[in-house]
Amino acid sequence: MEPPGRRRGRAQPPLLLPLSLLALLALLGGGGGGGAAALPAGCKHDGRPRGAGRAAGAAEGKVVCSSLELAQVLPPDTLPNRTVTLILSNNKISELKNGSFSGLSLLERLDLRNNLISSIDPGAFWGLSSLKRLDLTNNRIGCLNADIFRGLTNLVRLNLSGNLFSSLSQGTFDYLASLRSLEFQTEYLLCDCNILWMHRWVKEKNITVRDTRCVYPKSLQAQPVTGVKQELLTCDPPLELPSFYMTPSHRQVVFEGDSLPFQCMASYIDQDMQVLWYQDGRIVETDESQGIFVEKNMIHNCSLIASALTISNIQAGSTGNWGCHVQTKRGNNTRTVDIVVLESSAQYCPPERVVNNKGDFRWPRTLAGITAYLQCTRNTHGSGIYPGNPQDERKAWRRCDRGGFWADDDYSRCQYANDVTRVLYMFNQMPLNLTNAVATARQLLAYTVEAANFSDKMDVIFVAEMIEKFGRFTKEEKSKELGDVMVDIASNIMLADERVLWLAQREAKACSRIVQCLQRIATYRLAGGAHVYSTYSPNIALEAYVIKSTGFTGMTCTVFQKVAASDRTGLSDYGRRDPEGNLDKQLSFKCNVSNTFSSLALKNTIVEASIQLPPSLFSPKQKRELRPTDDSLYKLQLIAFRNGKLFPATGNSTNLADDGKRRTVVTPVILTKIDGVNVDTHHIPVNVTLRRIAHGADAVAARWDFDLLNGQGGWKSDGCHILYSDENITTIQCYSLSNYAVLMDLTGSELYTQAASLLHPVVYTTAIILLLCLLAVIVSYIYHHSLIRISLKSWHMLVNLCFHIFLTCVVFVGGITQTRNASICQAVGIILHYSTLATVLWVGVTARNIYKQVTKKAKRCQDPDEPPPPPRPMLRFYLIGGGIPIIVCGITAAANIKNYGSRPNAPYCWMAWEPSLGAFYGPASFITFVNCMYFLSIFIQLKRHPERKYELKEPTEEQQRLAANENGEINHQDSMSLSLISTSALENEHTFHSQLLGASLTLLLYVALWMFGALAVSLYYPLDLVFSFVFGATSLSFSAFFVVHHCVNREDVRLAWIMTCCPGRSSYSVQVNVQPPNSNGTNGEAPKCPNSSAESSCTNKSASSFKNSSQGCKLTNLQAAAAQCHANSLPLNSTPQLDNSLTEHSMDNDIKMHVAPLEVQFRTNVHSSRHHKNRSKGHRASRLTVLREYAYDVPTSVEGSVQNGLPKSRLGNNEGHSRSRRAYLAYRERQYNPPQQDSSDACSTLPKSSRNFEKPVSTTSKKDALRKPAVVELENQQKSYGLNLAIQNGPIKSNGQEGPLLGTDSTGNVRTGLWKHETTV
């Protein structure tokens, strides 16, 4: 038997070979084996062995036809019969017909995801007995029943997620006997009573429901379907439809005759559902005459019910609200839309801008009959406390009526635009209880400290509502302090603007509600058994007593404030607390069982009001009218208000005491009340004395009645009259217990705020003197700018310094107490902040300038071809002195404008304490410290270098170039020209010591003035009086110092004043440039001295060169005298040596000579007595330097001068000062011009400042040229004038051409003029 078996085993390989070839051909050709047709284009056929141990005929096939946009399932004959997996996902298959997959009996997995399947016929999956996995995810399946899944007996996993059905009916999966996993998550899944069967079926069949959660109702959203408790799966109202919409869904604006179709669709959840149409609550049915057509209800895909409405001919009556109404036994639901029908000639509402407390709204041009909507402005804070869904857009609406006019509007859904109002609204929405009432009240109290800045009526209304809520808890023992906090809040509200309080009273009776809440505080507190209750605040004082009617002998109560009568802040700030936070500024009560006022005299107080209750208040007649509680014990309340702000008259009060708001409350308001009594006691007078805070006319005594003007309240004068009145006090008498006050007509009068708006007279007087002195300095330095010898930088610094001190003083005396106007007060704070910082910065700039001049070193010669450095602009000083304060103030104001102005605890205009530390006190202290360091450095430098006394001028650019070009010719010029320095070389008349003294004392006096002024306005009596006088003394000292230092002690300023006030005394200034008359025929020719030193100073000059060139010689007065008289000439080698001991006394006593008038004529030959070429120029320069300085004090006369006959009539301090200055300049010349052996060293040893006097005057030195005549007049009014026959600034060169320096007359004489003791030849 074995061999046949072996033979059979050997016969198998020939049979397997054809089968393998057929399978290979099927794979390569893409066709199905076993006679199957080819796959459609784009499909992929994948066949591979299932396993090594499986028979050859049991092959597995996978067909993938994904993303081919197939519109229907492929015919079964196009697929291999042995297909195991069929992928038809991501196509456009819309329906599955009966027998769509017949013949695929081996199919185990069918994937139909992401198609458009909406209809599945029963038996669609018939023949798929081997199918184990079916995926119908993300289709449009709405109808599911058991017949659909008939024949799927081996189906293990079914996925129906992402379809349209909202519920599954019982028995849907009865034919799926092998089902183990199920998914049916949809966007419309409704977990109600219709899926209760699912819980039982899942447990019985042991089915796993994956990733399926409830979507509706909202209460079960996101809960697993099988995890919901069965008792929650109900079909009770309200009805929540998974899908319900109406198109169009928004308001429709149409014209008459138009056609408008509507559609309404809802989730089909019950068989009795129906859709109805309504217009303005009336049911709508088909009416062909009016063009209305209603389609019957239609069921779509077993999931939606729909209905349609068509209005084919719209008329004006179609305007209204149209709705789609879904009706079921489980409840109803409605969707509506507005229809506006317009005529052909419709009108429009114009565009309009509305600004209110909810924001800025710009309404567009809108058709008549249309309601316009605008989105509210979103704010980050408080957005969660407004009504509506936070996800919804909150909008304001406004209706435009048919006439084209804006009508109703609504902004209630919008947040308040103002931060203050928004926060107060948040307070108002907070839930209150006994635990958090006190804490919330304290938070509100802290916020109402800024009540003076309230700008919206809703601010006051919200606070009034909060006070009413707090009042409910005042009766509780745990909330004892709540009453005190309520009084403080009401006191802060009195700081608000009267207009805001008036609007709040008119809108919601807010002020009256606050007062009535305060009246109930004492009632609740005394109900607990207490006999006395009192609470005080800056603007309100409350006192309550339990009084026995028996033995009552009357009572006098006084309202006072613990400040001195001379305290000027006692009347204006209306009870603001003082900076230390104590309550000395608050109102207080003091009562005494007496009916006389004299026994209640209080020291150091301001009595605001007093009230006298007579002994007959509890007479036997009244005792019967009263309703006693606890054996004839009565609760007496007294409330005092600093002013009448909480009692505004809002209605038509023409017939009342205020006479249509013509009269105003000008006194405090005092309230008297006995609990349980509200009757007029016509026969019992109550005397009230009130202090007036304003002056007016037509005074009327009045009492407040809360019931007048429909509950708005008003003042009436019935039963009240005035007993006595003087300038400040008014006594009235009323015959009822009420709120008492005095009203006056303030037309043309202002609030009596003398103590608030006026400082002490000493402050004003001394400040005016300081302002006048500063103004005099500013005007003098601006008007006489060209005559005052001061550098341009120093001039700018001094003028700006004076201006900012002037600005500080003006703003201080004029605005420091203007606390009633918030805007003005803020402006005062900003200006004071700026001017103070600017002043100390300009002092610092001045100190830095002095330091640079003191430490300045001599400049060396530079290459003539090298361009000079660019000039540094004056703007840099303004950027420091004015720019830095502007930046600091700008940042402070931009951060919070409320940093400036009056604080609630300060009766002056300045800054808040915290911002001022970093924005003012810190920078000001640092700048002051830097200034002091500069002053100390200058002082040390001057001690080390006592020779540095004056500030010298800088050579101009042209002078520097000329000096560099003339270096080779210096040996040919008189050495006197190298060392010639006069007062014209001074840049500033003041010495460095004087400038240092001026800057340091200015800073010291300014800081002292600022501090004393601040103390004078911030402290109370008597310290404010003391510092007012100290301020005055400092101000006078400051004034005297400024005028003396910057004006009186300066010769140039004094000269300018003399020229302005006494023009006749300055006649010489007119003669300065006048040429003298010809003297040839009068005086003849002056004698000549050929061997004089005047001749010897002109070296190496021929006759022709002397005639035709402008090289010229410089002759001092002494040289000119020597030229006239050879016997009196100085020896050549006997030049006196000048050392550091050169003083005014030595110069005046060493040489005393008088040189007669001199006239020099040109001569043709000048050869005799010429100096030797090898003569030392250093000795000559030294000699001429000393002679030049001597020449300053040698009195001479010039022929033809009007002053040559005036004697020296005055020798005083001014002349001594001038001589000392010239002596110093001579010393400085000698220091800068040491003896030189040859001309080759001139450039390296001579500073540029010394060469400044050898170059011609350039265009940049016009200011110095303008100053010279004035200086000549000042120095020569008391003596004759020297004569110099050479040009002071050296030869003039222009384009290589030389010309005569001065013209001559017909006789050849030189025309001489007076110019700084010199005559130009």
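Glycine is no exception: its Cβ is also placed from the backbone N, Cα and C atoms.
Of the residues Asn332, Asn1091, Asn1100, Swiss-Prot records the annotation N-linked glycosylation site for Asn332. Disulfide pairing as given by Swiss-Prot: among Cys214, Cys302, Cys324, Cys264 connects to Cys324. If you check Swiss-Prot, you'll see Asn849 and Val1048 are listed on the same side of the membrane. Helix, strand and coil content of the region 'GPS' (701-750), in residues and according to DSSP, is 0 helix, 27 strand, 23 coil. Taking the Cα of Asn81 (N-linked glycosylation site) as the reference point, the closest of the glycosylation sites Asn433, Asn453, Asn652 is Asn433. Ranked by number of Cβ pairs under 8 Å to the transmembrane segment (1025-1045), the listed stretches 762-782, 827-847, 877-897 are led by 762-782.
Closest to Asn453 (N-linked glycosylation site) by Cα-Cα distance, out of the glycosylation sites Asn159, Asn301, Asn592, Asn652, Asn687, is Asn652. Note: the Cα of Asn98 (N-linked glycosylation site) and the Cα of Asn433 (N-linked glycosylation site) are spaced 71 Å from each other.
Put simply, Asn433 is the one of the glycosylation sites Asn433, Asn592, Asn652, Asn687, Asn728 whose Cα lies nearest to the Cα of Asn159 (N-linked glycosylation site).
Listed by sequence, the residues of this chain that lie at least six past the ends of the repeat 'LRR 1' (82-103) yet keep a Cβ under 8 A from its Cβ atoms are 32-34, 47, 59-74, 76, 109-128, 135. DSSP assigns Asn81 (N-linked glycosylation site) to coil in the three-state reduction, outside any helix or strand. Stretch with the most C-beta contacts under 8 angstroms to the transmembrane segment (877-897), considering only 762-782, 797-817, 827-847, 920-940, 997-1017: 827-847.
Within the chain carrying the transmembrane segment (762-782), a Cβ under 8 angstroms from the stretch's Cβ atoms is held by residues 788, 790, 795, 798-799, 802-803, 805-806, 809-810, 812-813, 1013, 1016, 1028-1029, 1031-1033, 1035-1036, 1038-1040, 1042-1043, 1046-1047, 1053, 1056-1057, all 6 or more beyond its ends.
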